[in-house]
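**Q** Here you go, one structure.
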Amino acid sequence: MSISKSLVLNEIKKFSPSHIIIGYSGGVDSSVLLNISKELDIPLIAIYINHNLHRDSLKWQIHCQQTCQRYNLQFISHSLDKVPKGESFEAWASKQRMAFFQKIMQPYSKPLLLLGHHQDDQAETFLIQAIRGSGLAGLAGIPHYKELHHGGVLRPLLKYSKIEIEEFAKLNNISYIYDDSNEDIKYRRNLIRNQIIPILQQVNPNIGQTLSRSANICAESNNILQKLLTERLQSISQDTNLIISELIKLDDDIQKSLLHLWFKQNTQQSLKSKQIKELHLAINNPSTGWQIDISNYYQIHIQYNQLIIKYPTTINDMSKEDIISWLSKNLNEEIDLTKIVIRDRKPDDKCKYRGRNKPNKLKILFQELQIPTTERSKAKIILKDQQIIAVYPFFICG
């Protein structure tokens, strides 16, 4: 199937965007998308994100800028900082790119972000998610269209293969850059693209199309499931709380799915399989006062007949600044603020006070250090990598 320029243009037009933002890397996918989209009578902004990883990244930026000048289009470049230690570059960079796109989209009434993902990207994503053991939502892969906080993101080339995109570029004399880092198999996606997909093509020459179709089926099935679960969730909820006696009337699998959906809707975060199992066990043997930590930010409590999410305590900027300043003075090491979490004290919090071999509950330490009860309420727990490293403004742990 060859790319139909008119179909792609009509697909974009049906969203009636006030402005079009294109993620433009200079690669063949985004170059073809830019070439097609420039024919629309809609203000268009091309954005180049410089990841500062490749020796030629500045050359690519200049290529993109010159192409936009030739097309008479607005061009914006943005340079990413160094990825924080311990974070996946791919996941971090994806978040950074989307955050910048949203920043550019913010002033416009109905902006539409266009990205050049294609069928081969979808096939690779399906395999990545399958390897992770993902469920329907993960296997659904890359969405064709998705609402964003402001505007939406559309991938008009998602049904076309990489070969079809390259053929379009050749027929239309579209110049583009080639990123040789795509051959580096230390990245999982490159390993799948360059080594696993070719093996699968020996079994099924149309493996890209087949896996993409499977992703679409998963997406459709997941949409149906989410609609049905959302309706059921509304019937067993009171405000943002879950009514336990109503939830446990349902089949176990439905209970677990509703627990996942309930938490996702209220926090925009996902529960891990282990956490869902713990929650499921707890609601079927409910005990008032039971609680579970879900990351450093959230707790889930059972209070009488309801399951309740405890949200993070808001610490104003001045208080946080004071806490970080205190930590810097008392902790003899460099602090990576991206890994620091500050929260209120919990009953079971423990700290290994300096010079001791094992941790003690904070209540015991407060008593031993003769910290007045009236002062203890001021305590803020400082965590790094989910470990308590200090109790502000009293002492350092570890």
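Residue positions begin at 1 at the first shown residue.
Glycine residues also receive a Cβ, built from the backbone N, Cα and C atoms like all the rest.
In case it's useful when we look at the structure, here is the feature table from Swiss-Prot:
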- S25, G26, G27, V28, D29, S30: ATP binding site (BINDING)
**Q** Write out, in the order they occur in the sequence, the residues of the chain not among S25, G26, G27, V28, D29, S30 that have a C-beta within 8 Å of the mean position of the C-beta atoms of the recorded ATP site.
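**A** For the ATP site the neighbour list reads Y24, S31, V32, G116, Y176, I177.
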**Q** 10 Å Cβ neighbour count around G26 (ATP binding site)?
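**A** I count 24 other Cβ atoms within 10 Å of it.
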**Q** On the three-state reduction of DSSP, what should I expect for V28 (ATP binding site)?
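**A** Where V28 (ATP binding site) sits, the three-state DSSP reduction gives helix.
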